[in-house]
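Asker: Have a look at this one before I ask anything.
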């Protein structure tokens, strides 16, 4: 815990040629996205971009697949 708190995650610049990873999470009222880049030599993922959105009233009525597409 102490190690994690002393080294908080920091967004890094995109490095061309390295693999990208996209994580999304969708629930009834919001969606979140996280773009990371994989550093093959060290087997580490670096955060590139994070975003979150609270759905509007009419968006909350979407089917789960529609909400997932909205998150993308």
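Count begins at 1; order follows the chain as displayed.
Note: Cβ is positioned from N, Cα and C throughout, glycine not excepted.
Annotation source TrEMBL lists domain 'Reverse transcriptase/retrotransposon-derived protein RNase H-like' at 2-72.
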Asker: Do you know the DSSP helix, strand and coil residue counts for the domain 'Reverse transcriptase/retrotransposon-derived protein RNase H-like' (2-72)?
Answerer: 16 helix, 28 strand, 27 coil
Asker: Along the domain 'Reverse transcriptase/retrotransposon-derived protein RNase H-like' (2-72), what average pLDDT does this model show?
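Answerer: Mean per-residue confidence for the domain 'Reverse transcriptase/retrotransposon-derived protein RNase H-like' (2-72): 88 out of 100.
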